[in-house]
Amino acid sequence: MTRGVSSTAQFNFDRRLWRRFIKIAQPYFYPQEHRLNFWGFAALILVLLIAVVCIAFFVAVGGTLLGESLAPVFVNKYAGGLVKQVKGLVASPAIFWAGGGLIFSALAFGLMRRAVLPRWKQWSLLGLLLFLSFAVNGANVSLSYIFRFIDTALGEKNQSTFWLNLTLYGGLIITAIPILVGYRFTRLKLGLYWREWLTQSFLSDYFNDRSYYELDSNSSHTEIDNPDQRIAEDIRSFTSVTLSFLLDVLDTVLTLISFTAILYTISKPLTYGLLLYATVGTLIAVLAGRRLIKINYDQLRLEADFRYGMVHVRDNAESIAFYRGETQELRQVSRRFGLVIGNFNLLIIWQALIDLFQYGYNYFTRVVPYVIVAPLYFSGQTDLGTITQAYIAFSQVLGALSLVTNQIQQISSFAAGVNRLGAFEEVLSRPDGLEPPVDSHIQTQTAQQLSIQRMTLLTPNSEQELVRDLTVNLAPDERLLIVGASGAGKSSILRAVAGLWTNGSGIVVRPEISEMLFLPQRPYMLLGTLREQLLYPRNEETITNEQLQQVLQRVNLPYLMDRFNWDEILDWSTVLSLGEQQRLAFARVFLYQPHYAILDEATSALDVTNERHLYHQLQSTAVVYLSVGHRPTLVDYHQKVLELTGGGAWQVLTIEEYRLKLAQMVG
Ligand SMILES: Nc1ncnc2c1ncn2[C@@H]1O[C@H](COP(=O)(O)OP(=O)(O)OP(=O)(O)O)[C@@H](O)[C@H]1O
C-alpha cells in the first residue's frame, strides 16, 4: 500500500478550513453543544482580553504608586515623569473605565459560568498567558527607551544619565527575566494540557465503536490514512501553533494600534498606500499558500507512510528474514521514501517561489516611506526626524500587516494539519459510525443462547455473498463446529457474530459481547508484561500470580514462569512459538470464564495431544464454545457441524451425519 498524492480533499483557505479549525480548537475552552456556540466562545475570548488589559492597567498603576510610597525619593528622582503620568491617570476617567471593564468581565464570565467553570484551568492559563504577553511587550518597549537614553547620554557625554540608565537596565532585566521565563513556561504548559486533552478526546473516539477497526487505514482507498500520525503529531503541532498564532495576532493588533496612529499623523497617503499594499500582498500570499496546503498535506501523509513502512518491517522482521525478503522490503521502503523526497522537492520549489515574492515584498517597501516623505522634507514642510519616525512606524505597521504574507509557509502547513485532523474528527463523529450506508444490516439481539436466524452475509465491500439465509439453532449444551473450504467464509461468520461485520441481513442472537471471548486465528499478543498478556482483554488486579500459575499449568505452559518474569515486557509474538501463543490464548479463556468462547482455528498450530488436552480442559468448565477448523480431530469435541459448501450455500449436520460423510469421503 502506497498512496499517491491525494486528489479528493479540497485545499483552500475557506469556510470549511475555518469550521474544522474551530471544531478542533473550541471544545477544550468552550463546549460545542452550548447554545451560543462559536459566538459565545469568541465573545468570551474578547472579554478575557478586556479583563487582562484592565488588570494590566491596575498592575502598572499600582506598581508605580507602590514604588513611590516605598521609595519616594528614588522613584521621583529617576521616574518622576512616569509617576506624574500615572497620577494623572488615577485622576482621569480611565480608572473608572478600567474598573468598569473588570466588573463587566466578571459579570460576563459569571453569566457563562456553566460553560467556563469546568474549564477554569485553561481559561486561567490563557488569561495569565495574555497578561504575561502584555508584560513582555511592556518590558520590550521600556528596554527600547532605556537604550535610546543610553545612546543619547553617550552622545552627549552625560555620565550620570548614562549610569542611571544602565542601573535601570539592570533593574528591568531582573524583573523581566522571570516574566519572560514565566511567559514561555505558561505557553508550553497550556499547550501541553491542551494536547493532553485533545489527544485523549481523539483516542477515546478512535477506540469508540471500534473506529480503529472500521477505518481500514492501511488500504489504498482509505479516507483516513495514518491515524497514528494524526493523533501523535498533528495534534501536538496544532496546539502549539494555534497558541503561537494567537499571541502573534495579539502582538500584531497591539503594534497596529500604536503605530498606525503615528504613521497617520505623518502622512495619510503613506498609511492608505501601505494598507493597500499589504492587502494585495496578503492576497497573493494566500493564493500561493493554497498550493502549499496540498503539498504540505501530502508531505505529512507521505512521511507517515514511510515511517509505517519501516515499522512494518520491524514488526515482521522474522518472516522477512526467513523469506530473505530484504530486496523487496528495501524496494518498498525506498519507494515510500522516494515519494517523500519527490514531494519535498516540490515543496522547496514552491517555497523558493514564495521566497522570491516575500523578499521582493519586504525589500521594495523599504524605500517607500523615503519616496513619500522625502519630497515633504526637501520642500521644508517637515524635519529630518520625521523621516526616521515615519520609517520606523512604517516598518512596524508593515510588519504587523504582513503577518500572513511572511508566515504563509507555516500557515499553509498548519492548514494542512487542520485538514487532516478535521477530516479525521468528522469521520470519527459521524452519527452512523463508520458503517457504509447500506439499506439493511445484520441485526443483533441479546439472549443467553446463541443462534443465527436467516442471515445473509456479504463482505464489507459487498463483493462476495458468503452465506445466504443461514439459520442455526443450538441447544444450551451444544457445541458447534464450522467447517468449509478455505475462503468459504467461516471466520466471517464469527465476525458477524461479534458484530464486526454487519453487511447483509438477518439476525444474530447472542449473549452480551462481554460474556463472549473470541480467539482469532492469529493469537493477539499485546505489548505488555506476561501478567497483562494472560489477563487480556481485562486487567484484574484481584487475580493473584498463584492463580495465573495454575492456569499456565492447565494449558501446559508451566515452564514460562521459569523463563520469564511476571513483569517483564517483551515482544511476545516473537518470543513465544505460535503453539505457545495459542495455549496462552486458551489460558485467557480459563481466566475470563466467558459464557461463550469462540475459537477460530485456535489450535491449528498445536499437536493433537495438546489440542485434546485443551478441549478436555474446556469441557470441564461451564464455558460453551464454538469452533472453526479444518482438522478432523476437532469433530470429537462438538455436537453439531455447520458446513459451508461454497457460493453462499450451507448445511447443518449432526456430528454422526458429519462423521459418516467424512468416512464416505475417505472410502
Ligand atoms: N476485509 C475484507 N474485505 C473484503 N473481503 C474480505 C475481507 N476479509 C476477508 N475477505 C474475503 O472473504 C472471504 C471469506 O474470508 P474468511 O476469512 O471468512 O474465510 P475462511 O473460511 O475463514 O478462510 P480460512 O479457512 O482460509 O481461514 C475470503 O474470500 C476473503 O478473501
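Note: Cβ is positioned from N, Cα and C throughout, glycine not excepted.
TrEMBL: automatically predicted annotations, no manual curation.
Note that the structure is a prediction, hence the values are computed from the model and not measured.
Taken from TrEMBL, the feature transmembrane segment applies to 38-66 (among others).
Long-range Cβ contacts of the transmembrane segment (86-111) within its own chain (Cβ-Cβ under 8 Å, at least 6 residues beyond either end) map to 43-44, 47-48, 50-51, 53-55, 57-58, 60-61, 64-65, 123. The transmembrane segment annotation in TrEMBL covers 86-111 (among others).
Feature annotation from TrEMBL assigns transmembrane segment to 123-150 (among others).
Positions annotated as domain 'ABC transmembrane type-1' by TrEMBL: 128-413.
Same-chain neighbours of the transmembrane segment (162-185): 78, 129, 132-133, 135-136, 139, 142-143, 146, 149-150, 153-154, counting only residues six or more beyond its ends whose CB sits under 8 Å from a CB of the stretch. According to TrEMBL, the transmembrane segment annotation covers 162-185 (among others).
Sequence annotations record features per position, and here TrEMBL assigns transmembrane segment to 245-266 (among others).
For the transmembrane segment (272-293), the list of distant contacts is 11-13, 263, 347, 350-351, 353-354, 357-358, 361, 365, 368, 372, 394, 397-398, 401-402, 404-405, 408-409, 411-413, 415-416, 419: same-chain residues at least six beyond its ends, Cβ to Cβ under 8 Å. Look at TrEMBL and you will find 272-293 (among others) tagged as transmembrane segment.
If you look up TrEMBL, you'll see 337-354 (among others) marked as transmembrane segment. Residues 2, 4-5, 285, 288-289, 291-292, 295-296, 298-299, 302-303, 305-306, 408-409 of the same chain sit 6 or more residues outside the transmembrane segment (337-354) yet have a Cβ under 8 Å from a Cβ within it.
Under the heading domain 'ABC transporter', TrEMBL lists 452-666. Looking at the domain 'ABC transporter' (452-666) alone, the prediction's average pLDDT is 90.
Residues 22, 26, 29-30, 75, 79, 82-83, 86, 89-90, 94-95, 98-99, 101-102, 104-106, 108-109, 112, 115-116, 123, 126-127, 130-131, 134-135, 138, 250 of the same chain sit 6 or more residues outside the transmembrane segment (38-66) yet have a Cβ under 8 Å from a Cβ within it.
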